[in-house]
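If you look up Swiss-Prot, you'll see H82, D93, H193 marked as divalent metal cation 1 binding site. Residues annotated as divalent metal cation 2 binding site in Swiss-Prot, with similarity to another entry given as evidence: D93, E128, H385. Residues or ranges marked as N-carbamoyl-L-alpha-amino acid binding site in Swiss-Prot (evidence: similarity to another entry): Q196, H229, N278, R291, G360. Per Swiss-Prot, the feature region 'Involved in dimerization' maps to 212-330; the stated evidence is similarity to another entry. Per Swiss-Prot, the feature site 'Necessary for dimerization' maps to R238; the stated evidence is similarity to another entry.
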Amino acid sequence: MTLQKAQAERIEKEIRELSRFSAEGPGVTRLTYTPEHAAARETLIAAMKAAALSVREDALGNIIGRREGTDPELPAIAVGSHFDSVRNGGMFDGTAGVVCALEAARVMLENGYVNRHPFEFIAIVEEEGARFSSGMLGGRAIAGLVADRELDSLVDEDGVSVRQAATAFGLKPGELQAAARSAADLRAFIELHIEQGPILEQEQIEIGVVTSIVGVRALRVAVKGRSDHAGTTPMHLRQDALVPAALMVREVNRFVNEIADGTVATVGHLTVAPGGGNQVPGEVDFTLDLRSPHEESLRVLIDRISVMVGEVASQAGVAADVDEFFNLSPVQLAPTMVDAVREAASALQFTHRDISSGAGHDSMFIAQVTDVGMVFVPSRAGRSHVPEEWTDFDDLRKGTEVVLRVMKALDR
């Protein structure tokens with residue numbers, strides 16, 4: 001008997017079909033609890049049922065397709081990703097992982113695979129936070145890390161809360177606690193995802209073996225000088241807030257390059273007030289997004305930034321404050337899962353390398369309740385969160401084969 005393998009053509013067809021469920025505009029915009037979400041939900045549920053999975057939704061709308069095992073006492077082995085998107089994003093981010101999970105389920109069905117553990121194939125909601133500004137909400141719910149009060153405090157731009165939107169969508173957000181999983185009922189979770197960076201493609205590597213997910217620190221720096229007339233205020237009498245702010249940005253860049261361990265820093269937002277072409281800048285606010293797979297690197301970097309900002313401001317005769325408004329620690333994935341992914345890629349003779357994820361994923365929260373492994377596949381030119389996002393479908397097929405092999409290894 002010839003065993004069936006994952007098919008790139010089926011993966012492509014399903015990803016393209018799901019990409020149609022998008023709000024108007026470039027790329028894919030599929031926000032949570034919208035008509036576009038509803039259409040994708042219907043398609044995914046139908047695909048799960050066609051793969052002989054029993055289907056249920058939890059309180060927030062995570063869709064769980066389940067293939068029962070021969071030993072009902074064993075905890076489930078799960079695979080999945082998210083199916084929401086950023087605004088005007090691409091058709092692969094998250095969705096590729098969901099589709100490849102379903103392709104794995106189809107291959108198991110076609111080959112008559114008999115699994116001991118229950119297998120679950122999960123499509124997760126609201127990872128991006130594009131509607132409610134709270135990333136990885138669905139993954140946090142699976143990990144039992146969403147507080148009931150968040151269902152009311154998290155609102156969209158129209159003031160609609162998660163609780164209101166989920167209820168209108170036909171869900172029961174009041175049953176939030178029942179969505180939480182534990183090691184007792186979840187043996188492991190595997191997530192296939194596009195890399196969203198350039199490393200695999202540049203090095204011509206087929207599979208990324210994710211070892212860690214970066215921690216994130218977000219800082220807001222406020223520099224306050226004095227606004228004056230641009231033509232009548234001598235240079236030596238100015239309290240221009242922009243000049244020291246620019247030096248601060250340059251120094252942060254220097255600090256990070258000195259660390260040279262995968263840590264990165266980005267100034268993604270900067271405002272200058274009053275903002276007139278003939279006015280000396282009186283106030284400058286900018287954000288710093290700091291990411292690293294190493295907690296110690298983040299701690300040292302923040303300490304250096306805080307000292308530097310104070311020194312630069314003092315020398316320039318301006319005031320400055322640093323406020324940390326987001327803190328997420330790095331996650332080291334379970335060594336047993338990292339080894340399983342690495343061994344699967346080797347057995348399939350796919351080129352592979354260890355890699356740290358520079359983006360956050362649901363997996364980093366699910367890792368708090370069970371062992372987690374991640375499989376990366378290449379992103380063309382490293383582009384993601386844009387309409388031009390692209391991953392070759394044959395690379396997704398290879399990733400699916402790795403996932404299948406890992407699931408079977410865990411099932412032994």
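Note that Cβ sites are derived from N, Cα and C of the backbone, with glycine treated the same way.
Annotated features, which come from Swiss-Prot, shown on the structure.
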residue: H82; record: divalent metal cation 1 binding site; Cβ contacts under 8 Å, 6 or more apart: G94, T95, G97, V98, A123, I124, V125, E126, E127, E128, G138, G139, D362
residue: D93; record: divalent metal cation 1 binding site; Cβ contacts under 8 Å, 6 or more apart: S85, V86, H193, I194, Q196, S384, H385, E389
residue: H229; record: N-carbamoyl-L-alpha-amino acid binding site; Cβ contacts under 8 Å, 6 or more apart: N278, Q279, V280
residue: R238; record: site 'Necessary for dimerization'; Cβ contacts under 8 Å, 6 or more apart: G225, R226, D228, V280
residue: R291; record: N-carbamoyl-L-alpha-amino acid binding site; Cβ contacts under 8 Å, 6 or more apart: V214, G215, V216, R217, T263, V264, A265, G358
residue: G360; record: N-carbamoyl-L-alpha-amino acid binding site; Cβ contacts under 8 Å, 6 or more apart: G135, M136, I213, V214, V216, L328
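For the binding-site residues Q196, N278, the ranking by surrounding Cβ atoms (within 10 Å, all protein chains) places Q196 first. Cβ neighbour count for H385 (divalent metal cation 2 binding site): 17 (other Cβ atoms within 10 Å of its Cβ, all protein chains included). Around H193 (divalent metal cation 1 binding site), a 10 Å sphere centred on its CB holds 28 further CB atoms from the protein chains shown. All chains included, 25 other C-beta atoms sit within 10 angstroms of the C-beta of E128 (divalent metal cation 2 binding site). In the region 'Involved in dimerization' (212-330), the DSSP tally of helix, strand and coil residues is 43 helix, 43 strand, 33 coil.
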